[in-house]
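S.K.: This is the feature table in Swiss-Prot:
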BINDING   His117, His431  Fe(II)-heme a binding site
BINDING   His294, Tyr298, His343, His344  Cu cation binding site
BINDING   His429  heme a3 binding site
REGION    562-593  region 'Disordered'
TRANSMEM  5-25  transmembrane segment
TRANSMEM  71-91  transmembrane segment
TRANSMEM  122-142  transmembrane segment
TRANSMEM  204-224  transmembrane segment
TRANSMEM  246-266  transmembrane segment
TRANSMEM  288-308  transmembrane segment
TRANSMEM  320-340  transmembrane segment
TRANSMEM  358-378  transmembrane segment
TRANSMEM  401-421  transmembrane segment
TRANSMEM  425-445  transmembrane segment
TRANSMEM  467-487  transmembrane segment
TRANSMEM  506-526  transmembrane segment
Amino acid sequence: MATAASSITLTVLMGVLLVGVVAVLARLEDWRSYTPLSDVGGGLGERTGYTHEEKPGGIIRWFTTVDHKDIGILYGVYGTIAFAWGGVSVLLMRTELATSSETLISPSLYNGLLTSHGITMLFLFGTPMIAAFGNYFIPLLIDADDMAFPRINAIAFWLLPPGAILIWSGFLIPGIATAQTSWTMYTPLSLQMSSPAVDMMMLGLHLTGVSATMGAINFIATIFTERGEDVGWPDLDIFSWTMLTQSGLILFAFPLFGSALIMLLLDRNFGTTFFTVAGGDPIFWQHLFWFFGHPEVYVLVLPPMGIVSLILPKFSGRKLFGFKFVVYSTLAIGVLSFGVWAHHMFTTGIDPRIRSSFMAVSLAISIPSAVKVFNWITTMWNGKLRLTAPMLFCIGFVQNFIIGGVTGVFLAVIPIDLILHDTYYVVGHFHFIVYGAIGFALFAASYYWFPMVTGRMYQKRLAHAHFWTALVGSNATFLAMLWLGYGGMPRRYATYIPQFATAHRLATVGAFLIGVSTLIWLFNMATSWREGPRVDSTDPWDLEETDQFTNDWAWFRAKEETTVLPDGGDEAQSEADAVTDGGQPAADSDTES
């Protein structure tokens with residue numbers, strides 16, 4: 001009874017919080033966080049005639065802001081917290097797996113950490129962190145004042161904190177067992193677990209899905225209607241193309257996932273039989289889940305592809321090779337991603353003729369990805385490479401993406417998948433993509449845009465130490481997982497036979513290297529934001545030399561050179577002030593240019 005009362009109380013509190021957030025944000029037009037300028041942004045979506053107050057000070061600013069840049073920072077902070085939660089979870093798991101027997105944590109806690117890690121990294125870190133960069137930079141890249149629906153933008157973010165609390169409720173509320181379903185929530189296991197943490201996790205996933213859907217609508221409307229007069233479709237940058245495609249995928253995938261979650265909740269709590277053996281079919285859940293789940297992989301990877309396609313040419317001294325083909329391949333991936341879901345189900349006994357068709361489409365979707373890899377490598381070929389931190393992470397992205405992609409092609413072949421299904425090979429392949437590729441692209445973006453966001457430069461040596469530690473750690477961990485998979489080690493087990501101990505210990509060492517690299521990144525970002533040397537140029541990457549000075553950096557130049565900022569009327573910091581107030585030019589410090 002106490003457990004039921006605790007879950008009901010938490011649910012009521014979350015509902016009250018959501019109602020309060022909606023009520024407050026619905027009255028925020030007078031608190032709008034920017035004042036449109038006639039010479040900065042505008043175009044098709046220019047909003048003239050508005051007069052808005054300046055931003056309130058302190059914490060009130062962050063609770064009431066509807067400025068796309070502030071919301072982008074909120075998404076970034078939220079994603080970083082989620083990344084820390086998921087990272088600590090996996091380090092506990094890998095510490096347990098350093099030995100073949102149970103030593104540190106119980107199998108039930110291991111399963112709870114496994115579930116929390118997967119859902120946190122995919123739904124609370126991956127999608128929100130991409131939204132962070134999209135919110136901050138898409139309006140700048142397309143020369144818009146703000147997102148098309150600023151208040152909806154704020155609501156979409158504020159749905160995420162209660163969603164995270166619900167998802168993590170099994171760890172936060174004493175007396176209830178953690179959800180132990182893995183991130184796939186396969187039936188009948190997810191039906192038979194009696195813990196209310198499973199229901200609260202599903203409600204939290206609903207909130208994250210609604211948030212992502214609202215954000216997708218906003219990105220589509222912004223890119224279609226808010227572009228500047230000089231930004232036509234042929235002029236649209238590659239990051240905006242990938243965000244547009246991603247948003248389309250979200251609109252088709254996430255509502256279906258929400259419907260499947262409702263059916264699962266009804267089965268668990270109201271006696272329906274959608275996924276039970278008695279009246280429905282447990283395999284039906286897998287069809288619904290993977291129809292969402294595989295497009296979700298591309299929801300996560302397409303914007304990082306766009307980030308790499310945007311940043312890599314800047315430090316290659318050449319424009320992106322085959323820009324149109326990169327766009328076409330992005331759209332092709334978006335279409336094909338909905339036709340491959342059953343390759344996750346080759347072992348479930350589906351009709352062999354259906355399996356063959358899904359194998360063919362799964363092999364076909366590798367072609368547009370290969371086009372992108374070819375274009376990235378060709379862009380660097382004979383280029384004047386500058387190995388700054390953003391460029392190093394882009395190169396690391398390409399390397400990890402090739403390994404993750406090639407190992408995925410093998411899994412698309414039915415006879416091979418029947419052997420490797422549900423082994424550590426699948427885990428290694430997937431993590432080469434979700435951390436080795438997606439994570440590296442997000443790190444590249446954080447370094448590339450850091451001077452624009454903060455007006456300061458990060459520390460070069462720390463950034464390079466971050467890269468090499470992350471590269472070595474990720475390859476040690478995920479190559480060891482591929483090795484384990486070839487040996488037949490199944491996934492999702494806290495104990496194993498001793499013959500797998502060496503590979504598991506290597507993976508554990510690599511995981512801790514990844515943890516150290518992340519701490520280096522956090523320290524670099526935090527200290528450089530507060531006391532890093534101010535950039536002495538509005539073109540810190542010398543993009544004008546190669547004719548790659550884009551709209552986002554034009555906004556940064558306008559902000560630095562005008563006395564009124566587009567985000568609230570504060571006085572701008574001139575270049576002279578940047579030198580006389582104690583900052584040092586980036587060229588004379590331990591920073592990159």
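Don't overthink the numbers, they just go from 1 along the chain as shown.
Yeah, the Cβs are placed from backbone N, Cα and C, and that goes for glycine too.
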S.K.: For the Cu cation site (His294, Tyr298, His343, His344), what does the 8 A shell look like? I mean other same-chain residues with CB within 8 A of the CB centroid.
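M.R.: Neighbours within 8 Å of the Cβ centroid, excluding His294, Tyr298, His343, His344: Trp290, Gly293, Pro295, Val297, Ser337, Val340, Trp341, Ser362.
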S.K.: If we skip the immediate neighbours and take only residues 6+ beyond the ends of the transmembrane segment (425-445), which ones have a Cβ under 8 Å from one of its Cβ atoms?
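M.R.: Result: 121-122, 126, 129-130, 133, 297, 300-301, 304-305, 307-308, 311, 389-391, 393-394, 396-397, 400-401, 403-405, 407-408, 411, 466-467, 470, 474-475, 477-482, 484-486, 491, 514, 521.
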S.K.: Just jot down the residues in the same chain as His117 (Fe(II)-heme a binding site), at least 6 apart in sequence, with C-beta under 8 A of its C-beta; none if empty.
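M.R.: The list for His117 (Fe(II)-heme a binding site) reads Gly86, Ser89, Val90, Met93, given in order along the sequence.
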S.K.: Grab the same-chain neighbours of the transmembrane segment (320-340) for me: Cβ-Cβ under 8 Å, and only residues 6 or more beyond its ends, written as numbers and ranges.
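M.R.: Same-chain residues near the transmembrane segment (320-340) but 6 or more away: 238, 241-242, 245-246, 248-249, 252-253, 291, 294-295, 297-298, 302, 305-306, 309, 312-313, 358, 361-362, 364-365, 367-369, 371-372, 374-375, 378-379.
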S.K.: In whole Å, note down how far the CA of His294 (Cu cation binding site) lies from the CA of the residue listed as 'heme a3 binding site'.
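M.R.: Per the Cα atoms, the residue listed as 'heme a3 binding site' and His294 (Cu cation binding site) stand 14 Å apart.
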S.K.: Write down the Cα-Cα distance for His294 (Cu cation binding site) and His431 (Fe(II)-heme a binding site), rounded and given in Å.
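M.R.: So the Cα of His294 (Cu cation binding site) lies 14 Å away from that of His431 (Fe(II)-heme a binding site).
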S.K.: Between the transmembrane segment (122-142) and the stretches 71-91, 288-308, 358-378, work out which stretch tops the count of Cβ pairs under 8 Å.
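M.R.: Top-ranked stretch among 71-91, 288-308, 358-378: 71-91.
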S.K.: Which listed stretch (71-91, 288-308, 358-378, 467-487, 506-526) has the most C-beta pairs under 8 A with the transmembrane segment (401-421)?
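M.R.: Looking at each of 71-91, 288-308, 358-378, 467-487, 506-526 in turn, the most contacts to the transmembrane segment (401-421) are made by 358-378.
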S.K.: So for Tyr298 (Cu cation binding site), how many other CB atoms are inside 10 Å of its CB?
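M.R.: Other Cβ atoms found within 10 Å: 24.
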S.K.: List the residues of the same chain that sit at least 6 positions away from His344 (Cu cation binding site) in sequence and have their Cβ under 8 Å from its Cβ, in sequence order, or write 'none'.
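M.R.: Gln286, Trp290, Gly293, His294 - these are the non-local Cβ neighbours of His344 (Cu cation binding site), listed in sequence order.
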S.K.: Mind checking which residues reach the transmembrane segment (358-378)? Cβ under 8 Å, same chain, six or more beyond either end.
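M.R.: Same-chain residues near the transmembrane segment (358-378) but 6 or more away: 305, 308-309, 312, 320-322, 325-326, 328-330, 332-333, 336-337, 339-343, 346, 394, 398, 401-402, 405, 408-409, 412-414.
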S.K.: List, by number or range, the same-chain residues at least 6 past the transmembrane segment (467-487) whose CB is under 8 A from its CB atoms?
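M.R.: Tertiary neighbours of the transmembrane segment (467-487) are 389, 392-393, 396, 400, 403, 407, 420, 423-429, 431-432, 435-436, 439-440, 443, 499-500, 503-504, 506-507, 509-518, 520.
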S.K.: Same-chain Cβ contacts of the transmembrane segment (288-308) under 8 Å, 6 or more residues past its ends?
M.R.: 122, 126-127, 130, 133-134, 184-186, 212, 238-243, 245-246, 249-250, 252-254, 256-257, 259-260, 263, 330, 333-334, 337-338, 340-345, 372, 376, 394, 397-398, 433-434, 437-438, 440-442, 444-445
